[in-house]
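Taken from Swiss-Prot, the feature NAD(+) binding site applies to Y130, Q191, N214. Look at Swiss-Prot and you will find S237, Q259, H262, H328, D361, E415, H420 tagged as substrate binding site. According to Swiss-Prot, the feature Zn(2+) binding site maps to Q259, H262, D361, H420. Marked as active site, proton acceptor by Swiss-Prot: E327, H328.
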Amino acid sequence: MLKLSSSQPDFAERLKALLAFETAQDPAVDAAVASICADVHHRGDAALVEHTNRFDRMQAAGMADLTLSREQLEAAWLRLPADVRDALSAAAERVRRYHEKQLAHSWSYEDEDGTLLGQQVTPLDRVGIYVPGGKAAYPSSVLMNALPAKVAGVGEIIMVVPTPGGERNDLVLAAAYIAGVDKVFTVGGAQAVAALAYGTETVPQVDKITGPGNAYVAAAKRRVFGVVGIDMVAGPSEILVICDGATDPDWVAMDLFSQAEHDEIAQAILLCPSADYIAQVEASIAKLLPSMPRRAIIEASLAGRGALIQVSDLAEACEISNYIAPEHLELSVADPDALLPQLRHAGAIFMGRFTSESLGDYCAGPNHVLPTSRTARFASPLGVYDFQKRSSLIRVSQAGAQKLGRIASLLAHGEGLTAHARAAELRLEDGTPR
């Protein structure tokens, strides 16, 4: 695992190299996705069934074999052990309660001349959520995508989830049940994204697609953006831990593992002023790694993109963190509130030694769909606001038309747009150009 010090003359260059991630699209993936999307666009259900059978080793005769009813979702819920149902319910309630705080409302006000100005907030009509399936089963992704949409008041939530070899995951289906998903189709990959974006005879066209997926799903989301909205095209998972050197090093090592185990190209970084503590964390990593079921993935991630970085103090750690703009930022320090004003760019900030990132992944309440690859500089977590849209409201009174008409007329003539000017002038009491 790479060890750096901010005092090194070449630190800035080495940090930049560490953060570099090749986001360019793979031409082979692009070509395959373009072909699949075009096929689903033109042939609808037939193409969707064909590609699903091919890629997911299915033998579906038609879309009826790839459609799950609410009764089937409920049955999956009832098959779960009681303690798992309780855990899923508790997580769902916390996620719902948090997102209810984000709900935006319409507003308006009147000028002194009676002109009304405002904003009308409305939910999207229909959204599609993509959930990974098969062995990579993520019920938490169902909750994090469906519940904000539900809170926003979205009219219909469509979920797609691949079931390779016909393998359905009860946890995922149960999460869809308690989150209020309206329709579930057991399809995945680029073909599922295309079906949601363009619609087929069975799959309704949606207004927005959210949720994580592999390179083919990401490429398909890029391709259909503009036809529908998308949440983001996410890169590898990331965690940055700022530690003052007083947290149990085993805790920090395991927190680094928690993201490294996602993917060989996930990123885990520690910033700490103490060289001795960094050595302790390094020892904890060596001690704990052999017991991890996903050891090979963690090792590859830490070796390829991980780092233990010594900084001069916590203030410098915050400066470096703002440059990194991590997906997950842990403040494993005595007084996290003191650091908060110095931090501008992070998807989610986990404050205090007891706040492990994994709690945010499952049940704390805030969304775990977060900006990656330094996009936290300008992007935000998925939320209710992603499932609402805003329309401006303008109702000009007769008196207001006299004042605004003259302003608009002058500006429109200045831009050489005569019809714009005349449309305003005709509403003036004397109807004359100004």
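A Cβ is built for glycine as well, from the same backbone N, Cα and C atoms used for every other residue.
These figures come from a predicted structure and were not determined experimentally.
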Under a three-state reduction of DSSP output, how is D361 (substrate binding site) classified: helix, strand, or coil?
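Its secondary structure by DSSP: helix.
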State the Cα to Cα distance, in Å, between H262 (substrate binding site) and Q191 (NAD(+) binding site), rounded to an integer.
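Here the two Cα atoms are 24 Å apart.
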My understanding is the cutoff is Cβ-Cβ under 8 Å with a sequence separation of 6 or more in the same chain; which residues meet that for S237 (substrate binding site)?
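Q259, H262, D263, A266, Q267, E327, H328, T372 - these are the non-local Cβ neighbours of S237 (substrate binding site), listed in sequence order.
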Of the residues named as NAD(+) binders, Y130, Q191, N214, how far apart in Å are the Cα atoms of the most distant pair?
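Taking every pair among Y130, Q191, N214, the longest Cα gap is 13 Å.
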Just how many other Cβ atoms lie inside 10 Å of the Cβ on E327 (active site, proton acceptor)?
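A count of 29.
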Would you mind checking how many other C-beta atoms are within 10 angstroms of the C-beta on N214 (NAD(+) binding site)?
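Its Cβ has 15 other Cβ atoms within 10 Å.
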Taking DSSP as the reference, which of helix, strand or coil describes N214 (NAD(+) binding site)?
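Assignment for N214 (NAD(+) binding site) reads coil.
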Fewest other Cβ atoms within 10 Å: which of the binding-site residues D361, E415 wins that one? Let me know.
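It is E415 that, of the binding-site residues D361, E415, has the fewest other Cβ atoms within 10 Å.
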Cβ within 8 Å of the NAD(+) site centroid (Y130, Q191, N214 excluded): which residues?
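Other same-chain residues with Cβ inside the cutoff are V160, P162, G188, G189, A190, A192, V193, G213, Y216, V217, A220.
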Taking only the Cα atoms, work out how far D361 (substrate binding site) lies from N214 (NAD(+) binding site), in Å, as a whole number.
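Checking the Cα atoms of D361 (substrate binding site) and N214 (NAD(+) binding site) gives a distance of 19 Å.
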So for H420 (substrate binding site), how many other CB atoms are inside 10 Å of its CB?
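Excluding its own Cβ, the number within 10 Å is 15.
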Looking only at Cβ atoms, how many others are within 10 Å of the one on Q191 (NAD(+) binding site)?
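Its Cβ shell of radius 10 Å holds 28 other Cβ atoms.
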Please give the substrate site's span as the largest CA-CA distance among S237, Q259, H262, H328, D361, E415, H420, to the nearest whole angstrom.
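Greatest Cα separation within the listed binding residues comes to 56 Å.
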